[in-house]
Each structure stands twice: as C-alpha cells, then as structure tokens.
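Per TrEMBL, these features apply:
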TRANSMEM  A:26-45  transmembrane segment
TRANSMEM  A:65-85  transmembrane segment
DOMAIN    A:83-371  domain 'FAE'
ACT_SITE  A:C226  active site
ACT_SITE  A:H305  active site
DOMAIN    A:388-468  domain 'Beta-ketoacyl-[acyl-carrier-protein] synthase III C-terminal'
ACT_SITE  A:H389  active site
ACT_SITE  A:H393  active site
ACT_SITE  A:H422  active site
ACT_SITE  A:N426  active site
Amino acid sequence: MPRSTTSLPEFSTSVKLKYVKLGYQYLVNNFLAFLLVPVMISVALELIRLGPEEILGLWNSLHLDLIQIMCSVFVIVFVATVYFMSRPRPVYLVDYACFKPPLTCRVPFSTFMEHSRINNKDEKSVRFQMRILERSGLGEETCLPPAIHYIPPTPTMETSRAEAQLVIFSAIDELLKKTGLKPKDIDILVVNCSLFSPTPSLSAMIINKYKLRSNVRSFNLSGMGCSAGLISIDLARDLLQVHPRSNAIVVSTEIITPNYYQGKERAMLLPNCLFRMGAAAILLSNRRREARRAKYRLVRVVRTHKGADDRAYRCVYEEEDSEGISGINLSKDLMAIAGEALKSNITTIGPLVLPMSEQLLFFLSLVGRKLINPKWKPYIPDFKQAFEHFCIHAGGRAVIDELQKNLDLSPQHVEASRMTLHRFGNTSSSSLWYELNYIESKGRMRRGDRVWQIGFGSGFKCNSAVWKCLRTVKTPVEGPWSDCIDRYPVDIPEVVKL
Amino acid sequence: MVPSLSDEAMGVELEKSAVYGHKFSTVVPAEATGDAVTRELTNMDLIMKLHYLRAVYYFKQSEVVDGLAITDLKEPMFPWLNVYYPVTGRIRTEAGSRPLIKCNDCGLRIIEAKCSRTLEEWLSVEDSSRWRPLVPEKVLGPELHFSPLVYIQFTRFKCGGMAIGYSWAHLLGDAVSATNCINLWGKFLKGNPSLETLRLSNHQKKAESPAKHVKAPQKPVPVKQVKLAGECWQAPDTCKMATCSFKIAETDLKKMQGEKQNHVPPFAMISALIWKCLAKNGNDRESKSATICRNSTSLKSSDMLTNNLKASTITLDSSAANIDLLELATLILKHELDELESIDELIDRNSGKPDFVLYGANLTFIDMEGIDLYGLELKGQTPVQVDYNIDGIGDEGAVLVLQGRGRTDLTGSIQERTVMVTLPEDQINQLRGVLSSEFGIA
C-alpha cells in the first residue's frame, strides 16, 4: 500500500517533467519560426490595411531608376551565385558491401583455447586468454583466416596476401554487383589496412585485379589503426570536392594473418582474442544522378587526434616483447584515454549536430559552473536528440559499455555494436559497416534518419562521421547478416562458461 | 643408400623417417552446436574406451587426386561435421561422475605430411606395420579435456598418390560407425548427399533401472579389467605385441573344406585356422577359450554412432589342436553371441569405472567382413588398398578378418580376405611358421 502512494507522485512528477522538457525543446528548436510568424502576420495585416494605391505611392516615392534596379538585381544574383558555388559538393554513399567470412574459417571458443594451450606453453598466459574470451562478448561464429588454424600458425607473405585477396575481392565483387558499377568508372580508390602493408600496395592489388584505369587516383593508408575507416571516408570526401562527377571506392579491412601474436606477454595477447576477419567496400559519389539511388549522404566528418599527449600516443603501441616477438601492446589506461578522446570529439561535433535546445542547456550549465558554482554536475547533451542510430566501433565489450554510459544510451541504441561484436568479433575499421548493415537488416533505417559512426584507434584517435539516410532501406537486406539476422538480438551473458 | 625392403625391421624404421613435413590444423562443424550439448557414454562405450581404430586408405595417383588440394579436402568436412558433431567434442571427466563427451565443436585434428617414397614402393612392403607412419598413434590423454577423438592424416607420396590415415577412438562407436562416418565425408566431397536418413541418436542418461537380480553369470564375460598406467586412456602393455597380416583367397578356404555342399563362411574358417595354428605351438599360453566379436551391420538409421558389438566367449573342452578344422569352424559359426547385457553390472553407474579391455582379454576373433572399407571415394575414385588395425589390444591378442579388395585375375574375379593378427612377439613368428608350412599361407 505505501508503495503505490509514493510511486504515484513520482510518476506524475516524471510525466510533468517530460512535458516540460518537450515544451522547452519545441520552443528553443523552432525559436526563429516562433519569432518570424508574428512578424509576418503583422506585416501582412499592415499591407492589407494600407491598400494597393498607397503601396504604389510608397514605391514611386523611392525614386528608383533603371540603373539602380539593374545594379541591385546584379548584386543579388552575384551574391546568390557565390553562395551556391561555395557550398561543398554533396557526397553520396551509393551502397556498400561487407565481407561474409566462409564457414570454413569459423573458430569456436573451445578450438581457440585448445590451440592456445598447444602453442603457448605458459599456463598463466593461457588462463589469461581464457578469462578474456569468457568476458569478451564474442560468439561461437567468429572467423580467423586459414593460416591461423594451423598449430603453430603459419603466417607467411603468401598466406597474408591470400587473406587480403579473399576478403577484399569478395567485398568489392559484391559491391560491384549491387551497384552495377563498372571498374572502368572508378575514379578514386582509397584502401586502409593498418597492419599489413606489402609492396606493391593493396590498392595496387585491387587495380591489378579489376583492371582499373591508368589515371585512377589511388591511396593506401596503413598504420592508422581501427579508426582508419573514417579517415578514408574523410579523404575520399575531400577528393570528391576537388574532382567533379567522380566515383570513389573506399575499402576498409584488417589483415590478421601476419599479426597473430605468438609470445607470452599478456597485454599483447589481448588482440588475438578479439580481432577477427572482416572487410567492407563502400561506393561514394558526387554525381547528381546518384542522388536518386543513394542510401546515405555524408553530413559531417570530425577527426580528433590526441597524439600530442604522450600517454595517449603510447597506449596502443606495437613493439617487441622480452623474447623479441613483436605484438601490439595495449596499455591499462586505454579506457580512460578513449573516454577523453571521446569527450574531445563530442565537444567539436556537439555544436554542429545538436539541436538548439541541447546546446543552450549545455551553454547555461557551462556558464553556471564557471561563474556560479563549480560543483554543479556538467550537463551531458542528449545525443539521442541528434541521431536515430549509433554505430560504435566494436572494439570490445568494455568500449561499448563505456560509451553507453558516457552518452547515456539505451540498450537498443548499442544493440548493433554488441551484436556485431558477437557475430563477427572485432573486425577493426570495417566493424562500423557491419553494424550499419545490422540496423538495415532489422528494418530500422528510415528516410531522414541520422546515423553517427564513432571509431577509435591507435594514436590515439577518435573519429566521427554523420550520415543522413536518403531512402528507407527495405528488408530483407542482402549482406553478411542475411542468414542469421532472425536469431538476433541474442542475450550475451556477462561471463560465458567455457 | 637404397634401403633393403626385405629386411622388415629395418624397413619400418626407415619408413618412419620417410614421412616428413607434418603440419597440424583443426576442422570444426560449420554451424555452432549450441551451449551445453553433451553426449552420454553408454556402458559399452566405456568398455571400449581403451581401444582405438586405425585405418589407412591408399589412393593411386590420378587427375582426381592431383586436383584435390588441402582446401578441397577440408571444405566438405565442415558440413560433414554438422551431421557428426559429437566426434568433434572432448571428454569431460568430473570427479565422481561418469565421463561424457562435451559437444563443444572443438574439432578434429588434421595432419598434412609428405612421403619421400612412391605409393608403389610403399605398398610393396608387405610389413604389416607399414601403416604406422601414416596415421597418428595418439590416445586420449594425458589431458583428456583437450584430446581430439578423431585424427585424419593426409600423406602425399612422391608419385602423387595419397594415403588418408584415420584414427578413431573406439568409445565413439564401432568400426561400422567409424567407416560410415568417413564414407559420408567422401560423399560430401563429391557433392551434397541427401540427408534424410541421417540422424544421430543423442545418448541420454539412462533412467535408473531398479537393481537387477544379479544372476550368476552363465557365460564368461569377455572383458578383462586393467589398471591404467597414468593419465592416458591406453591399455598398459605388459608384453611386447607385434602384428602380421596376410591375405587368404576364398578359393583357398573352399579347398580346405573339401567337397562339402554347405561351405562354412570365411570368417569361421579363418578363425578356426588360426586358433588351431596357435594351439599347435604347444606353449603354456595356449588357451581353451576365445572371444568371437561381430559388428552389427544392420544399422538402425537412428543410431549412426554406436558401439553395437556382439561378443561372446567360446570355451573348448580340449585344446584346439585336437579338434578337426571344419568342426572347430562350425562350432565358431554356430556359437551364439549375446548383447553383453551382463556388462551393465560391471560398470559402476556413477563413475564409469573400472577400466576394461574387450579385444585381447581372451584371444579375440573380430569379424569385420561386412564393413564397407572400400566405400570411401574421392570423387568416384576408390582406394587401391586399405590397412586396418586396432590399437590397445590386450595381452591375449586379436585377429581381425577384413574384406579384401576384389581383384580380377586371368582366372576371373578373386575375393579375398585380409587377416591382421596382433599377438605377443614370440607367438607371431611361430604362427607364421606354422601357417606357411602347413597351409602355405604368408
């Protein structure tokens, strides 16, 4: 009995608060409209009151002659032209394709653990890997390349290239099929793969396979970590500003074969447990006619680099361990640094995407903290107002948990990230595209929706991209999720019993 | 240095080093089996747990074999293991409870190797241990939780021929199950077989039946309790065993029977033959009892992985040497085999202890005639030869009678049987001597 009486006022206050918030948002976001409407009404009333003859009289009293009229018209036209020419070219995402790993590459937990025990004689390292795997959020269907299925793994130049060809060519073949694009029409090619950088480059490998034109503008970004996918998008966008009527293909991938750590250092064993095969190919274009069939338009890319800080610079560091085996060392304060990088990125992107209501509140809270009382809690803007969908890099369970907490997101908002981590593992720069595909496959992508892709990577970098959906994506969607989307979402336990 | 193939002991050592370049990997089922799927081990499974089946299938060089790269061989294994997912599991032993198989998709171990000899050279060595380097000699343990139940080795000969070595832990199923399993892989290699008849019965925990009134055993139980040496599930060898093999043509067997109307089938004849020869050796170890073992080839379609053996012990009144060959053979033929229900009382319901051997507890004659050994096809190509053996045989020895590959000769088609004999070393040589002198075999 007492419970219901106390809950009722709580309920009513929360409802009241909700309406107050809604009202405030409507008011501030449409402030100009609210101002303009009364002004327009009064002008209209005044005009009606004056009558046509008086208006004509007013016009004649201005004593305008032909030259002045022509000059004013000329000025107006000139200003309009400059305005339209200086606007950036819209960049459309026509379509994209993700690599679906074959079943022959599947690695169940038990197989991973058994191989670890055989390869790695150190008991403690094996137990550590098991603990990581139990809490990783990965599922039983993630895939590793064929060379890693050997005991011990056999990473050679040949097997690395074979993996690169498998993942990249599959993704590009699918993209070309989906979009009907001919390889001869590709003007710009950007490939990013952080840890494998052969000569000739992966972009040259693509040009050779698909027989691209000799004047294609190709770029190969290596060493830039898991956020390199958005860096490639940024580069492609800049190039599309300079070159009119062009198509750009962006390929994001990470090649696992040469980078499987075979030593005992615990901090370096972590990537083995999380990184898996994956690749994505994206077609961007600035051609007007693609606007009709494009899925998304790129609204904004914001890049934040914390490399100036030594701690951030060293937090993901490739080095040799005490036995001379090289691997990637992840430092213990990775999450803290990721949080700071995110805050920095949000501070830049916030004013560009948030509605006025949120920005005003943030500004007021900032002023209040500076002038009135430093002890006030900082106001975290509600990004759910700005975006319908969130694609958070599936770097690991901890990353997703941290971002969910920081941005105050609901479980449904981070569902795409968690499920991608479960089904595909950490596929590095291409994970954002698997997540986007998940949202589409679930039938949640509608026209007008805005998507926020956030990537983190070594450096330490935090990059964001904002997309706006141009047409509702109909299910079923052909892609890596097509055979398993009905099984998702799954409930991922905190700790999987191995 | 050309190895002398006639010196068999030397030959085996050299053959071991002729196989090199081993590479290990694992294949798993294509789809996740799911959480916490287990397979209970029946009493029969636990009795057989110290035995391992080792088979080697030899394929001649051909375009088909040349065109099969390791990826082509591995690819059909993934959907195949979807059907046979328990073989990819691992043993789980908790203190105080029965061992079982946790179906955790851990996988089969695949080994790739090369051989510096040609297939012809290899097969010309009649030494019955020639198959040893071509199939892994692994047993379960010392880490039971991480020991694969099945191994497959692909060895490429210098000429382009290939040997497929197949090691199977007997607790998974009998020779019929093992052979059907690998033959299904061959079908997947060719294309997608129709899977309507394939269903696995998942052994569930048997309901606790009320304590049976223990009858005094009328027949001697054909198993022997052993004590394990260490953590491995391996029969302790108290004496050195050796194997020998030879082929007997059906026509030869018919000749031995004379002009009778109803011929005794080959298995009974061969068993009687060997028993007599061993008895003739006249040493202390000569036993008056032997176990006959038969696999059930009439497979119920719902039981693809099962230990469905029938075994029973014959006890003779006098030494086998004194009994006429045909009479002994008829005795063996007519002897009734039972379902080994009595073993239920032997195995402790709770912990699955103690440890037993079936093959070799007494002198064991194992009938493997109905098994489709030559049914493993690589895209239509059948093996030229199959070597088969069982590891973990007890001290009394065992005799396997296998279907030989039917050949056609000038005289017509020849059906023959391959006989693999595992006995203590000293008995093997004597047996050979008797067989060649009295019956002109080997």
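In case you wondered, yes, glycine gets a Cβ from its N, Cα and C as well.
Here the features listed in TrEMBL are placed on the structure.
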residue : record      : DSSP class
A:C226  : active site : helix
A:H305  : active site : strand
A:H389  : active site : strand
A:H422  : active site : helix
Look at each of the active-site residues, A:H305, A:H393, A:H422, and point out the one with the fewest other Cβ atoms around it within 10 Å. A:H305
Are there any residues at least 6 positions away along the chain from A:H389 (active site) with a Cβ closer than 8 Å to its Cβ? List them or say none. A:H413, A:A416, A:L436, A:I439, A:R444, A:M445, A:D449, A:R450, A:V451, A:W452
Based on Cα coordinates, which of the following active-site residues are within 10 Å of A:C226 (active site): A:H305, A:H393, A:H422? A:H393
Active-site residues near A:H393 (active site), in sequence order, restricted to A:H305, A:H422, A:N426 and a 10 Å Cα cut-off: A:N426
Between A:N426 (active site) and A:H305 (active site), how far is it from one CA atom to the other, in Å? 22
Cα distance, A:H422 (active site) to A:H305 (active site), nearest Å? 29
Find, among the active-site residues listed as A:C226, A:N426, the one whose Cβ has the highest number of other Cβ atoms within 10 Å in the structure shown. A:C226
Looking only at the domain 'FAE' (A:83-371), what is the mean pLDDT? 93
